[in-house]
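Novice: If you scroll down you'll find the structure; I have some questions about it.
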Amino acid sequence: MESRRRVRWALSREDLSDSQTQNQIQSQNPNQPKSTTIFKYEKSSCLFCNEWFDAQTFTEHLIHCGQVLEECPNSCQVFIPRIRMRSHLKECPRSKNLNNQRLSVSMDRLDQPPDHRLQVLEQDISTIRSVLNEEIRQRLHLITDVGNIRKQNQVVEDWTRGTDETLGGLRRQLEAEASQRAYAEEQNQIDFQYCCNITQSLKEQVEIKLDEAQKLVNQLSIDVTFHQNQLNDNILKLEELIFENERLNRDKFFRIEEFLQQINEDIKTKLGTSDYATNKQATLDYEVKNVKNIVCETEERCDKLQNVVQDLDRSLHQTMQNLSDLENQMAMQQRIASVQNIRGHLIFRIKDYSKKLDEAKQYDTILHSAMFSNKAFGYALRLDIYLNGKGTWKGRNLIACLNVLSGEYDPLLAWPCRLQAEVVIRDQCSNLVEAQDYVKTIFVRKKSDDFIQSNQYFHIPHKVITSRNYLRNDSMFIEVRVMK
């Protein structure tokens with residue numbers, strides 16, 4: 001009885017695990033109907049001897065399996081495999097006592113009258129019948145469990161069939177996906193080759209234009225050298241002329257003074273009448289006024305010549321700066337021929353700030369940053385900086401603006417151009433956590449490539465620049481970030 005209960009417990013556990021598996025599959029596929037999820041096992045293993053049997057012979061094996069544990073009928077509280085039960089009964093310590101008791105009971109029964117023995121036999125028969133009924137009931141339960149297992153096996157077969165069909169569909173989808181990816185990869189290779197060809201052609205065009213620009217810069221350098229030599233010659237001539245005029249004026253002053261002294265002596269010695277002296281004095285005063293006017297005109301001419309020299313010096317310095325900017329632009333163009341700044345992000349370092357500020361105060365110079373673009377094949381941009389200011393802001397502020405220059409891809413861009421950018425004066429503090437950058441937001445607008453841009457200038461006071469760590473080691477960093 002105990003072995004049969006264990007078999008029923010094992011089968012109920014298998015039913016529970018199968019039902020849990022079925023519920024899990026149903027939860028994964030809620031749209032699939034429950035009637036189609038049927039499991040079917042071809043073979044099953046015994047829980048006691050671990051041998052595999054077919055579905056038809058599995059139930060019969062469980063009834064007759066020799067490894068099933070059974071409790072000793074002598075109530076010695078020991079569970080012995082069914083195949084070793086006979087040997088255990090021979091060695092069981094309580095078997096002798098039970099045999100003696102049975103002999104005594106049988107002798108007692110023999111001593112009893114026949115009616116009483118018949119009654120005892122009827123009780124034994126009823127007990128045997130109840131045991132047989134329990135056995136039949138257990139077998140019916142086992143048959144029912146076997147039927148459930150067969151149904152579950154059928155469910156598993158159907159589920160396996162559906163899984164195979166699903167796997168076949170997935171394989172077909174994978175094959176279609178692989179063909180699509182191969183086609184996409186081929187198209188990407190074609191596009192990459194096209195981009196390489198375009199890049200090569202652009203590189204050739206840039207090299208041609210760089211050669212032309214280099215020739216232009218060389219010609220400008222020659223012209224600037226020629227004009228500079230002429231300017232130096234003119235400056236030397238003007239200086240010689242000024243020195244000569246000063247020497248002549250000095251000689252004239254000395255002669256006039258000598259002449260006046262002689263006249264005074266003549267007046268004192270020779271002239272006696274006051275009328276003659278008065279007329280002579282008036283003539284002398286008129287001549288002295290004429291000489292003073294000549295001196296004033298000479299001084300004015302000298303001042304004008306000095307202003308002309310200063311203007312020429314300023315224009316020469318600006319020309320030299322423009323030439324230097326052109327050379328820097330050429331070097332930058334050569335550097336960006338292979339790598340272009342197309343992220344809309346620029347960091348401009350101004351070295352020797354004090355020297356460049358003095359030059360801006362004397363010559364009104366302009367600092368130009370390297371050219372960059374807001375995106376790939378986008379607008380050509382440049383930051384222009386007036387260190388000493390401009391107009392009414394001159395002398396007290398730094399003035400800057402963001403220019404939209406003529407670029408290679410202007411016919412392909414949207415016009416009017418509207419951009420927003422942030423200009424940041426970086427705080428060069430040693431502790432980055434305590435750094436406080438100075439931020440300005442500007443808007444860049446240009447109607448089209450053919451129209452002149454109306455720049456929006458922003459100012460930064462010189463007191464702000466010299467505060468904190470915006471200026472360190474006589475260098476300043478200005479960062480430009482163009483908004484997307």
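In case you wondered, yes, glycine gets a Cβ from its N, Cα and C as well.
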Novice: Between 71-102, 103-134, 199-230, 263-294, I'd like to know which one TrEMBL lists as coiled coil.
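Specialist: When 71-102, 103-134, 199-230, 263-294 are checked in TrEMBL, coiled coil belongs to 199-230.
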Novice: Given a Cβ distance threshold of under 8 angstroms, which distant residues of the chain, six or more beyond its ends, lie next to the coiled coil (302-336)?
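Specialist: For the coiled coil (302-336), the far contacts come to 206, 210, 213-214, 217, 220-221, 224, 227-228, 231, 234-235, 238, 241-242, 245-246, 359, 362-366, 368, 370-371.
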Novice: Calculate the per-residue pLDDT averaged over the domain 'MATH' (343-482) and state the result as an integer.
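Specialist: That stretch averages a pLDDT of 88.
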